[in-house]
Each structure stands twice: as C-alpha cells, then as structure tokens.
Amino acid sequence: MAYLLTFGIIAALCLASISLYRYGNIPRQHILVTLSVLTAWCFSFLIVFTIPLDVTSTLYRQCLAEHKLALDAAGNASTTANITPPPECQEPWGMVPESVFPNLWRIIYWSSQFLTWLIMPLMQSYLKAGDFTIKGKLKSALIENAIYYGSYLFICGVLLIYIAVKGVPLDWQKLKAIASSASNTWGLFLLILLLGYALVEVPRSLWNNAKPGFTLQYAYFKAAKLSTDKAEAEEHVDDILESLQCISRVVPNNHELRPCVETIMRKVPIELQERASRNFSRTGGSGMGATSSTILPSEKALVRIHKQVIKSLQTLQRTEALWSVQVDTVLHLEDVARNIHSAERRFKSEFPRQRTQLERIFYSATLQWYWECLLKAPFLKTLCVVTATMSAMVVWSEVTFFSRDPVLSIFANVIYLAKESYDFFTIEVFSMMVLCYFFYCTYSTILRIRFLNLYYLAPHHQTNEHSLIFSGMLLCRLTPPMCLNFLGLIHMDSHIIPERMMETYYTRIMGHMDVIGIISNGFNIYFPMCMLAFCLSTWFSLGSRALNALGFQQFLQNETIATELVQEGKDLIAREKRRRQRAEEAMARRRDFNRPDPTVASNDYMNKYRSGAGALAGSRTPADGLLRDGDGSFDYAAVASSSALGVPRSLSEEINDRFGVSTQMQVGFRGTSELDPDYEAENERRIVGPPPRGLFDDV
C-alpha cells in the first residue's frame with residue numbers, strides 16, 4: 001500500500017536530478033557539491049510530494065477515532081443489538097504504517113537542517129576562498145562562518161536573557177521550540193516576499209508571453225542589458241589578468257610563491273592569457289599592476305587576486321552563456337513574427353539547426369507552425385486565467401485563514417467538504433495541486449532571483465557551484481515554513497485552529513506555524529496585510545519603478561530608457577546575425593573547397609591513357625609530367641590534390657603547409673552548434689575524459 005510514497009520519492013529524486021542537470025555542470029563540479037545540492041533539492045521536493053499523504057493519513061486516524069467514539073456512544077445509548085453502527089472508514093490510497101511518517105520527517109528535518117546551517121555554508125565559503133591549501137581554505141571558511149553565526153548567537157543570547165528576565169522556565173523542549181519559532185519566523189517573512197511577488201507575476205508573465213510583440217520587445221531589452229553585463233565582465237577580467245601578468249613577470253621561477261602563481265594561471269583559459277599578454281605588451285604594464293611592477297607580492301596578495309580571478313571568470317562565463325542563449329531566443333521570436341502570416345503554414349527559421357529524426361517525425365515544420373503561430377497564445381492565456389484564479393484563492397485564504405468561526409478560508413472549506421464524505425482521493429489531488437502551485441511560485445522566484453549579481457541559476461549547465469549551494473540552502477530553509485503555511489490554510493495546524501482536527505506527523509516533527517513571542521502579538525493581523533501589500537506593490541510594479549529610479553534599468557513601457565535599450569538590442573541582434581551569416585558563408589566555402597571533386601580525378605585518369613600511347617618519347621615539354629602521366633603507377637592522392645593539378649591554393653592551405661594545421665582558425669560562436677556540427681562533435685570528442693578537479697584542485 002506504500003506505492004504512492006514510493007512514487008513520491010522517485011518523482012522527487014528525478015525532478016531534483018533533472019533540475020541539477022539543467023542548471024549545473026555535473027562533470028566539472030565536485031562530487032561533494034553535486035551530492036549536497038541533490039540531497040537538498042530532493043528533500044525539499046519530497047516534502048511537497050509527501051504532505052498530501054500525511055494529511056489523508058491524519059484524516060483517516062481522526063475518522064477512526066470518531067468512529068470509535070460513535071460506537072461507544074451507540075453502545076451506551078441502547079442495549080439492543082439492532083442498532084445500525086456508523087459507517088466504517090475506508091483507508092486512503094497509499095496508506096503506510098504509523099511509524100513511517102515520523103521516521104521519514106525526522107530524517108528529512110535533521111538532514112536538511114544539518115545541510116543548510118552547517119555543511120553548505122562551509123562548502124560555499126570554502127569554494128570562495130582564495131587560499132592554496134586545504135588548511136588555508138578551511139581556516140578562511142571557518143572564520144567567515146564564525147562571523148556570520150556569531151551574530152546569530154548574539155541575537156539568541158539576547159532572547160534567552162529576555163526570557164530569563166520574564167521568569168519563563170527553560171528546558172530542552174523550550175529551547176527547541178524557541179529555535180523552531182525563530183526559524184519559522186525567518187522563513188515566513190521571506191515566504192511573504194516571494195509569494196507576494198510570484199502570485200501576481202506568474203499570471204502576468206503568462207499573459208505577456210502570449211503577446212508576440214511584447215515578448216520580442218522584452219527580449220531586445222534583455223539582450224541590451226546582457227550585452228552591457230558581458231562588456232563589464234570582460235573589462236573586469238582584463239583588468240584582473242593585467243595585474244596577474246605583472247605578478248607573473250615579477251615572481252621568478254625559483255621563488256617559493258611561484259607555485260601559487262602557477263595555480264592561479266591554470267585557472268585562466270589560454271586565449272584569455274594570450275589576450276592579457278598582448279594587452280600588457282601594448283600598454284607596457286601601465287594598468288592596474290604598474291605601481292607594484294617591481295615589488296614581490298605577499299601570499300595574502302596572491303590569495304586576494306586568486307579569489308578575484310575565480311569570481312571574475314565565473315561571471316564572464318555566465319554572462320557569455322546567457323548572451324548566447326538570449327540571442328537564440330530573440331532569433332526564434334523573430335522567426336515566429338516572420339512566420340505568423342505565412343500562407344504555407346510551415347515554420348521556416350532564418351538560421352535552421354540540425355533536427356533529430358524524432359523531431360522531424362513528431363515535431364515537423366507544420367506542427368511547429370501550428371503550435372508557435374496558432375495554438376501557443378490561447379494556451380498561455382488559458383493558463384493565465386487558471387493561475388490568476390489560484391492566486392486570488394491563495395490571497396483570500398491567506399487573509400482569512402486565522403478566522404475560526406466562520407471558516408472563510410477557501411482551502412479549508414474544500415478539505416472539510418471532502419472530509420465529510422471521506423473522499424481521500426479528492427483531498428490528495430487538491431492538496432497536491434495547491435502545493436504544486438505554491439511550489440512553482442516560490443521556487444520559480446528562487447530560480448530567477450539575482451542577488452547582487454552573485455547568485456543566479458543560469459540554464460544550459462552555466463550555473464556555478466556557489467549559486468547551486470545558495471539555492472539549495474534557500475530551498476531547505478523555505479520548504480518547511482511553506483508547508484506549515486499550507487497546513488494553516490487548511491486548518492490542520494493545531495496551534496492555529498486547536499479544536500478542528502488532529503495534529504499531523506509533519507507538525508509534530510517540524511514544529512508549528514509559530515513565531516517568536518516578542519512579535520507574536522498581532523501576527524494574525526500584519527501577516528495577511530504584508531502578503532496583500534506585496535501583491536499590490538507587484539501589481540503596480542512599484543519595485544521595478546523604484547529600481548528604475550535608482551539606476552537599475554527595468555522594462556517599463558512608455559519609458560525613454562526602456563525604448564532606447566530596445567533599439568540598442570535590435571542593433572546588437574542585427575550585428576550578431578550578420579556575424580553568423582558571414583561565419584556560415586565562410587564555413588560553406590571552406591567545406592566546398594576542401595571537398596574533392598570526383599570529375600577532376602576521372603578526367604585526369606582518362607587523359608593519362610589517351611596521351612600515353614601517342615606521346616613521342618623524345619618530345620618533352622616543361623609541362624610534361626605535371627599530371628604524373630609518365631609513371632606506370634597511378635597516385636590517387638596526388639591526382640586529388642589541388643596543388644598537383646595546378647589549382648591556386650587558398651590562404652588557409654598555405655598557412656597549414658607552412659606552419660601546420662594547428663594554426664588554422666575555426667570560425668564559430670560559443671554556445672551554438674548549428675553552424676558546424678562536425679566541428680562541435682570534434683570538440684566534444686576532444687574534451688571527453690576525466691573532469692577537471694573541483695573542490696580540492698589547488699592541492
């Protein structure tokens with residue numbers, strides 16, 4: 001009967017694995033980072049998938065208790081044997097023994113708390129440290145976290161002193177309740193911020209995505225901003241690498257700090273090193289490192305520049321990847337705008353990519369036209385109406401879930417109606433739908449959060465390890481209060497509605513939707529008001545307007561800056577299209593020139609036998625032998641060679657003959673595979689092997 005729980009565990013593991021594969025770069029990141037983030041994401045998803053089973057299990061236990069009381073009351077009221085007993089309770093789907101959920105929640109709770117408060121912060125600080133030994137990295141990580149957690153301990157000490165002054169007796173259970181309340185307080189207020197934004201932004205983004213014109217304008221705007229970010233990242237990398245070039249020239253090869261310099265240099269790609277060397281030679285070292293060009297750096301200076309190199313290279317790699325993805329998005333939207341009025345009803349792309357056999361069968365050009373140009377917009381508008389209705393229900397229930405009599409929460413009323421008929425299937429499906437919407441709103445906001453440009457989850461394997469760990473910490477800290485909030489909405493938190501229903505196993509282990517006693521007075525008033533205030537501010541785009549006023553450009557219609565950035569994005573995309581067209585033409589010419597012509601070889605073969613019989617032995621001209629018709633043997637390689645035939649060689653062949661094939665240029669774009677699939681496949685074959693060292697790569 002535990003098949004639903006097994007299915008939930010498998011679904012959580014699959015979803016976490018797919019998400020980690022999409023955002024992370026598993027072959028290149030350390031195994032400890034992969035396992036920690038996978039565990040954090042899997043446990044967070046598992047909580048969401050398992051809560052409905054705990055709810056139905058609790059309702060079933062309450063049904064058994066009520067059934068027993070009804071039987072006892074019927075037996076006491078009459079001694080006759082003809083009294084009809086009350087209907088028996090039916091077990092819900094996926095019923096498990098009573099000991100399963102308490103043990104499961106304990107494992108998830110303590111593992112998540114251990115990861116989010118101890119392991120992952122230390123791992124994050126370890127990755128950011130610029131030291132060159134394990135001991136140095138651990139020391140820097142411990143110092144950074146000691147400062148971070150020291151502030152928490154100071155606040156906890158103040159709270160304990162306050163409680164002691166109030167005369168409240170303290171024991172282990174009291175301290176555990178205080179810690180749980182503090183964690184819930186932090187999580188609930190962060191949840192207010194995320195849900196207040198997402199409950200409005202999710203339906204609005206679906207509606208805007210149904211408008212091709214708006215989507216294309218916004219894509220141009222994002223392209224302009226990404227181009228600026230990419231230029232700033234490149235400039236920052238050049239400045240840091242110029243300082244690194246100064247240090248590399250100053251530190252001699254036999255110096256004790258030379259291995260540290262080599263460790264930093266190994267982090268920098270070869271092309272960036274060559275560009276930095278050219279810039280250094282051109283400027284004569286007059287950049288950032290010129291003032292200390294004759295002074296040997298200290299180990300602390302090398303640690304500092306090592307940390308800067310790691311951070312700047314990660315930012316550059318992420319901005320380049322996002323720029324490539326954004327260019328592909330804009331080109332696709334332009335293709336949609338171009339094909340929307342097509343009479344052929346076949347989707348044609350300006351830069352077609354290689355399609356697999358399955359794509360050509362199940363997603364042909366005709367099907368793609370019907371989806372992109374005809375069906376996608378109505379589908380997104382329908383989803384917008386559904387999500388807007390769900391958002392309105394969530395906001396209303398958040399505002400009214402503290403009302404015990406009458407019950408005003410929509411979600412609580414649905415659970416009560418299903419409970420009266422013991423319709424556990426409806427309860428499970430409804431709970432899963434609501435939790436999945438909570439899950440999508442909260443986690444989609446986390447995935448798109450851009451905290452001071454340090455942590456950002458970029459798809460297509462472009463997310464660094466720091467951002468993955470940060471997202472795992474947020475999920476572990478937000479999931480318990482999010483589920484407690486849901487249990488409060490359906491009136492199954494005994495600390496909010498004590499007389500309604502039995503307590504779930506989840507609230508027994510995870511705690512209740514309580515807050516610190518100092519701020520608990522009036523919580524049922526300002527909690528809904530904060531939720532409503534954030535929703536209204538998102539509806540009127542107050543946050544975007546404030547950021548725009550502070551100089552952080554936001555996409556606001558009828559704004560001069562936004563219009564200028566849209567036009568700049570159009571120009572950048574037009575330039576990128578011309579560059580891709582030139583690259584495709586150059587590759588096509590190169591492939592055509594290097595492809596041997598079978599007609600030339602056959603003509604040379606026939607001329608050899610035609611001229612061999614009638615040629616005079618004594619009449620030789622300077623041109624004789626150019627076609628190698630004097631030999632008895634036939635050299636196919638020589639015949640097929642363009643140089644043997646007297647055809648002028650190209651510049652690339654001349655360079656290859658003089659300096660070797662390794663000097664030839666490959667024209668292409670990072671992140672695109674449609675230009676030359678053979679070249680991309682060769683690159684993939686070349687980089688296959690053991691992944692580079694990650695966490696302990698400096699040791």
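From the backbone N, Cα and C atoms, a Cβ is placed for every residue, glycine too.
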(request) Of the residues Asn76, Asn558, give the one that Swiss-Prot describes as N-linked glycosylation site. (result) Asn76
(message) When the topology given in Swiss-Prot is taken at face value, are Pro27 and Asn279 found on one and the same side of the membrane?
(response) yes
(message) Within the topological domain 'Cytoplasmic' (128-144), count helix residues (DSSP H, G, I), strand residues (E, B) and coil residues, in that order.
(response) 12 helix, 0 strand, 5 coil
(message) Within the same chain, where does the topological domain 'Cytoplasmic' (128-144) have neighbours whose Cβ lies under 8 angstroms from its own Cβ atoms, ignoring anything closer than 6 residues to its ends? I mean 6 or more beyond.
(response) 122, 259-260, 263, 302-308, 310-311, 466, 696, 698-699
(message) Per DSSP, what is the helix/strand/coil residue tally across the topological domain 'Extracellular' (403-426)?
(response) 14 helix, 0 strand, 10 coil
(message) Under 8 Å between C-beta atoms and at least six residues away from its ends: which parts of the chain pack against the topological domain 'Extracellular' (403-426)?
(response) 55-56, 59-60, 63, 89-90, 92-93, 393, 396-397, 434, 486, 489-492, 497, 499-500
